[in-house]
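Trainee: Straight from TrEMBL, here's the annotation block:
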{"type": "ACT_SITE", "residues": "A:Glu409", "note": "active site, proton donor"}
{"type": "BINDING", "residues": "A:His29, A:His260, A:Arg355, A:Ser382, A:His459, A:Asp467, A:His471, A:Arg518", "note": "substrate binding site"}
{"type": "BINDING", "residues": "A:His69, A:Gly118, A:Pro119, A:Leu120, A:Gly157, A:Asn186, A:His260, A:Phe435", "note": "thiamine diphosphate binding site"}
{"type": "BINDING", "residues": "A:Asp156, A:Asn186, A:Ile188", "note": "Mg(2+) binding site"}
{"type": "DOMAIN", "residues": "A:352-523", "note": "domain 'Transketolase-like pyrimidine-binding'"}
{"type": "SITE", "residues": "A:His29", "note": "site 'Important for catalytic activity'"}
{"type": "SITE", "residues": "A:His260", "note": "site 'Important for catalytic activity'"}
Number of protein chains: 2
Amino acid sequence: MTDIAKHNRMANAIRFLAADAVEKAKSGHPGLPMGAADIATVLFTQFLKFDPTRPHWPDRDRFVLSAGHGSMLLYAVHYLLGSEDFTLDQLKNFRQIGALTAGHPEYGHGAGIETTTGPLGQGLANAVGMAMAERMMAANFGDDLVDHHTYAIVGDGCLMEGISQEAISLAGHLKLNKLIVIWDDNGISIDGKVSVSDSTDQIERFEASGWQTISIDGHDPAAIAAALATAQEAERPTLIAARTTIGFGAPNKAGSEKVHGSPLGKEELEATRKALGWSHAPFEVPSDVLDAWRIAGLRSGQARKEWEKRLASADAEIRGEFERRIRGDLPTGFRQAMQNLKQKLAAEKPTLATRKASELVLETINAAVPETIGGSADLTGSNNTKTSQTRAITPEDFSGRYVHWGIREHGMAAAMNGIALHRGLIPYSGTFLVFSDYARPAMRLSALMKQRVIHVMTHDSIGLGEDGPTHQPVEHYAALRAIPNLNFFRPADVTETLECWELALEARETPSVLALTRQNLAALRASYESENLSARGAYVISDCNDEPQVTIFASGSEVGLAVEAKAELAAGGVQVRVVSVPSFELFEAQSEDYKASIVGNAPVRIAVETGIRMGWDRFIGTDGIFIGMTGFGASGPYEELYRHFGITREAVVAAARAKLAKA
Amino acid sequence: MTDIAKHNRMANAIRFLAADAVEKAKSGHPGLPMGAADIATVLFTQFLKFDPTRPHWPDRDRFVLSAGHGSMLLYAVHYLLGSEDFTLDQLKNFRQIGALTAGHPEYGHGAGIETTTGPLGQGLANAVGMAMAERMMAANFGDDLVDHHTYAIVGDGCLMEGISQEAISLAGHLKLNKLIVIWDDNGISIDGKVSVSDSTDQIERFEASGWQTISIDGHDPAAIAAALATAQEAERPTLIAARTTIGFGAPNKAGSEKVHGSPLGKEELEATRKALGWSHAPFEVPSDVLDAWRIAGLRSGQARKEWEKRLASADAEIRGEFERRIRGDLPTGFRQAMQNLKQKLAAEKPTLATRKASELVLETINAAVPETIGGSADLTGSNNTKTSQTRAITPEDFSGRYVHWGIREHGMAAAMNGIALHRGLIPYSGTFLVFSDYARPAMRLSALMKQRVIHVMTHDSIGLGEDGPTHQPVEHYAALRAIPNLNFFRPADVTETLECWELALEARETPSVLALTRQNLAALRASYESENLSARGAYVISDCNDEPQVTIFASGSEVGLAVEAKAELAAGGVQVRVVSVPSFELFEAQSEDYKASIVGNAPVRIAVETGIRMGWDRFIGTDGIFIGMTGFGASGPYEELYRHFGITREAVVAAARAKLAKA
């Protein structure tokens, strides 16, 4: 058999596994796997450094299918390479509950899925983060241990999403030469031809961001191989624009939107078999083809073994550090360093904005935890995310630990996902809390993928003052608390800030948001306690001697206000308890007894927070008193805004007294 | 005085009004107004078609300050032109509560603010929407009535945000030749030089999207004027890349990030006065300068009067229609057409996915309301947003009523804001509900700006099935209900879909989201009622004869499930009431009596919804039973997913019985 004939049969194996699986599932996307099968065949059998027998090998090349709807491409390829996860049975159960072969690739469902994709553009930005992580890890551990490429296949949709620009411009700026993006340029989107809605010259666009670009016929295996070889030699990221036919091989539907997201149908599938000369039954891969794939699958085994030898012969300390960081364990000194700082802060009781408290805590964290990578979306001085340890990375030098992400909140969050997924580094970065909206699609994915990504989000309320309602979060607390598996922290003072940071770093499978103030807050904890009280999510920060008549629940900057209100009420003889609520999520994870004890049954329950009420009924009941926001904020000095919106000590005291009088 | 000397003094008036106002407010952004003062002077005094005596003139040019932090530029210019809103007193109250001169320009605070800006990139996309609206309105009413430009000043931050790519590529595709964007290319961002985080060749990038580009010295008034004149003649959108010095004139701080977002300080402000030869006290504009501005302000009066004559002499029907659409009134036939359809549907009781019901209702709406502009972010066949009346617009023909937005959810939402702000059109468009996250920053702004923008968001739950958790909304109901002044509708059947559409169109100052199913739903209303029951937000859709022992609250697809559960419980002799909750927001707007009657006091209260519990305590209390989601969804056939997650008739019945047994 000629090389080209062999290639075609290998690619057709992908095509029919995909088309047959979609057919069996009665739903799915055959168009991309059929169109990109040639690209995948060349990439996975000749270029990608990947060992299916050790699919978690840290120095493997990363592959991201950013066009995640083409998931069957990934499942088919990994089955063909010899994956233990993606068996034929799994392929037959495509899109069924409990199968590894979900509609879109889900991280954690099987080795070879490097990230969850589907929401368009995310994978491209993840890949940028992975390529950044590779460069930063290599700067830490040397090319002997870290030296791999990151590949991504992106579709027209990925490139139309705004996040793609953030990813592309950042990758170009950083000259991420080991990032190779293949654009499956099939000219088709769901509404028809891409030209219905877009006329962008993508080549020119990538070049404007400093990329190398190569245009090829995406069905020509020699051209694909030549392009990949050229890409590997570049000193900047490469876009391979590969013209393909969506649904390649389907005689009546190929090249049209009809083949994008629906089964081919029995008749067309039959005709495709005939057209491509594929006489095999569904899910049957002839042995010559399977053998060819399996042999290719073993291709990187030698390189992997040599890498293992290099690791084994490395300095024991370096090896230990490398392995620790890949496992994701925190360094042994971390907890003690935090306790030492906590004691110091308990003694000093500094009044600080929690964003400044965060900076102070980070100074200790970054000294104790060398794998943190800080950053900010162009708000470094406002987010206070840069410490003495964190020199910025540059295109020429990745040994730094800080990223000037630019004004790219969405791309930043998605690239942080990529950094976390790569393993070896813990990304944290900053923006204003209100701009969590810009980053939200990526934050959702870090929660879904269970990644340790830490968002430092300052200017967390009307307390930011004059910048006004476009910059003042109101609904954001609720909206972020709503995301499953995301810990939203709103610390009340310097000690809670430390505790929340500790929790964020220790949450190996949960991303965190730290909502921090611009304005100063007094230290509230009476004395040092080694226990991380914030870990309970809600706890009594200031109690009364008798059964409480009033319980005031608050978070962040409003806890101090609650404590002041308590003082005034207590002076009048009222028994008042104050509960600080740094995290709804951690509170819900406590025992039922603990939760009941915190909620309590005081006749008057009040919650105070500079956001909307949503979620607080959990603590105060539907008849509780909520003092907070009911609409958007306003522009003005922050103390005046608190008064304007009636979020004051006086308002809490008055509401408590009025309700007590009625009770 | 030479022309250039006169220009400089006019521009310096902006500079010092801005710098002095920031100084007085002790916060704000002097850098942009000082840097872009020359551009603004040329634009507003020689090019912009704007009459300060009739600032709402429908055919005025639109100006968008996308870099909204430079708000003082806008306030200063409008004061100088002779605005009735932006008086010297207002300028002196910059950034104070209640002043029109908020930290960022707030739509509604005064004529001349065409949109709220601050979150970067939004204004650029708003401007694209305004330019689209101009073309579409001109196609409807002719160039005699609609023929204006849209100008925007954007900063480096706007261009780094991903949304800018969506806006730029769409504008280029549509050849929006009357859109002129001026890039204030000062090379500075908050973290320092832009080159710290970005190396994009913006000229090449815009050209890749089909724009005309012109590079100029942004402090050369002749060059600015020449560029604007060239831009006005183009057959495609124009980018004027204007190199400027941020904080122009400040001898020690100009050209650095120090002048971006803080007052200059007394000393530097004094030095700037000296450097620019400006001897006037703060807020004092010498009469020659003010006169020159005021004369320029009257420049467009004649054009405005001629336009008014043309309108007055237009066919009475056309004039009436134009004026109605600018006012935003719905056509007289609208309500009756909806009632007729409602009667028909009540008789036919079709089982339909609510996305199909929406399409059916839209067929009536689009016939009755000629100003609706439909669209979809490349999901036309899935969102069912296209009807027989809505031919797509093309770069050559804007007489259509449908926009193929491409895979640009964020840009779409922001451009829809621009269309709504322009007035004359009502934009609605579609994507999957889960991708509301991509559009969220723009959706928040439509709520803040009180714009009638309608989001048709289909595939609203695990009911979409196999596409899996990346595509299944879980937290989105809560997250969208959290946004102030946004109506989130989740209709339960075809009649509620009609009612929710009616409410969305009638909500002149509130954007709406219609969350619609992919899967079929039975018609639930027993009979035709002329009253729009969904307007109450929650209402009894199926009652019992006695006092209810069980009340089941549900929205959307789960209302049918609740009704089925009721039937089974009722068969066992239990008194069950079912409340449909299409909108939390409209429910909260009802009388306290009504709300109390709906919440009721049944011993067993259950809520059923395919989202998280957050928000439902309002109906069921903190001890109520919630049957819904607690985490992300999964990939599989939808009926199986409902069973997998325990959202079933059986689960509702079992929970009700268990609680009744305990009660």
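Even glycines carry a Cβ here, placed using N, Cα and C.
Bear in mind that TrEMBL entries carry predicted annotations, made automatically and left uncurated.
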Trainee: For A:His69 (thiamine diphosphate binding site), find which of the binding-site residues A:His29, A:His260, A:Asp467, A:His471, A:Arg518 come within 10 Å, Cα to Cα.
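Mentor: So the list reads A:His29, A:His260.
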Trainee: Determine the minimum-neighbour residue: among A:Pro119, A:Gly157, listed as binding-site residues, which Cβ has the fewest other Cβ atoms within 10 angstroms?
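Mentor: Fewest other Cβ atoms within 10 Å, among the binding-site residues A:Pro119, A:Gly157, is found for A:Gly157.
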Trainee: Please report how many Å separate the Cα atom of A:Gly118 (thiamine diphosphate binding site) from that of A:His471 (substrate binding site), as a whole number.
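Mentor: Distance (Cα to Cα, whole Å): 30 Å.
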Trainee: Near chain B: which of the binding-site residues A:His29, A:His260, A:Arg355, A:His459, A:Arg518 have their Cβ closer than 8 Å to one of its Cβ atoms?
Mentor: none
Trainee: Nearest to A:Gly157 (thiamine diphosphate binding site) by Cα distance: which of the binding-site residues A:His29, A:Ser382, A:His471, A:Arg518 is it?
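Mentor: Closest candidate to A:Gly157 (thiamine diphosphate binding site), judged by Cα separation, is A:His29.
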Trainee: Work out how many Å separate A:Arg355 (substrate binding site) and A:Leu120 (thiamine diphosphate binding site) at their Cα atoms, rounded off.
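Mentor: About 33 Å separates the two Cα atoms.
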Trainee: Please average pLDDT over the domain 'Transketolase-like pyrimidine-binding' (A:352-523) for the predicted structure.
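Mentor: The average pLDDT of the model in the domain 'Transketolase-like pyrimidine-binding' (A:352-523) works out to 98.
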Trainee: How would DSSP class A:Ile188 (Mg(2+) binding site) in three states?
Mentor: strand
Trainee: Long-range neighbours only, meaning 6 or more apart in sequence with Cβ under 8 Å: which ones does A:Glu409 (active site, proton donor) have?
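Mentor: Once residues fewer than 6 apart are set aside, A:Glu409 (active site, proton donor) is near A:Ala377, A:Thr431, A:Phe435, A:Ser436, A:Tyr438, A:Ala439.
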Trainee: For the binding-site residues A:Asn186, A:Ser382, which one has the sparsest Cβ surroundings, going by other Cβ atoms within 10 Å?
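Mentor: Checked A:Asn186, A:Ser382; of these binding-site residues, fewest Cβ neighbours within 10 Å: A:Ser382.
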Trainee: Using a 10 Å cut-off, grab the number of neighbouring Cβ atoms around the Cβ of A:Leu120 (thiamine diphosphate binding site), all chains included.
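Mentor: Around the Cβ of A:Leu120 (thiamine diphosphate binding site), 28 other Cβ atoms lie within 10 Å.
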Trainee: Record lists A:His69, A:Gly118, A:Pro119, A:Leu120, A:Gly157, A:Asn186, A:His260, A:Phe435 as binding thiamine diphosphate; longest Cα-Cα distance in Å?
Mentor: 34
Trainee: Around A:Gly118 (thiamine diphosphate binding site), how many other CB atoms lie within 10 A of its CB?
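Mentor: A 10 Å sphere around the Cβ of A:Gly118 (thiamine diphosphate binding site) contains 25 other Cβ atoms.
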Trainee: Starting from the Cβ of A:Asp467 (substrate binding site), draw a 10 Å sphere and report how many other Cβ atoms land inside it.
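Mentor: Total other Cβ atoms inside 10 Å, all chains included: 26.
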Trainee: List the same-chain residues at least 6 positions away in sequence whose Cβ sits under 8 Å from the Cβ of A:His260 (substrate binding site), in sequence order, or say none.
Mentor: A:His29, A:Gly31, A:Leu32, A:His69, A:Ile188, A:Ser189, A:Ile190, A:Ile246, A:Gly247
Trainee: Do you see any of the binding-site residues A:Asp156, A:Ser382, A:His471 whose C-alpha is within 10 Å of A:Leu120 (thiamine diphosphate binding site), and which ones?
Mentor: A:Asp156
Trainee: When you rank A:Pro119, A:Asn186, A:Ser382, A:His459, A:His471 by Cα distance to A:Asp156 (Mg(2+) binding site), which of the binding-site residues ends up on top as the closest?
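Mentor: The answer is A:Asn186.
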Trainee: Tell me the Cα distance separating A:Asn186 (thiamine diphosphate binding site) from A:Arg518 (substrate binding site), rounded to the nearest angstrom.
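Mentor: Their Cα atoms are separated by 48 Å.
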Trainee: Based on the record's binding annotation for substrate (A:His29, A:His260, A:Arg355, A:Ser382, A:His459, A:Asp467, A:His471, A:Arg518), what whole-number value in Å is the widest Cα to Cα distance?
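Mentor: Across A:His29, A:His260, A:Arg355, A:Ser382, A:His459, A:Asp467, A:His471, A:Arg518, the two farthest Cα atoms sit 48 Å apart.
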Trainee: Quick one: give me the count of other CB atoms within 10 A of the CB of A:His29 (substrate binding site).
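Mentor: I get 26 for this one.
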Trainee: Given the Mg(2+) site residues A:Asp156, A:Asn186, A:Ile188, which other residues of that chain have a Cβ within 8 Å of the mean position of their Cβ atoms, reported in sequence order?
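Mentor: Not counting the recorded site residues, we get A:Gly35, A:Gly155, A:Asp184, A:Asp185, A:Gly187, A:Ser189, A:Val194, A:Thr244, A:Ile246, A:His260.
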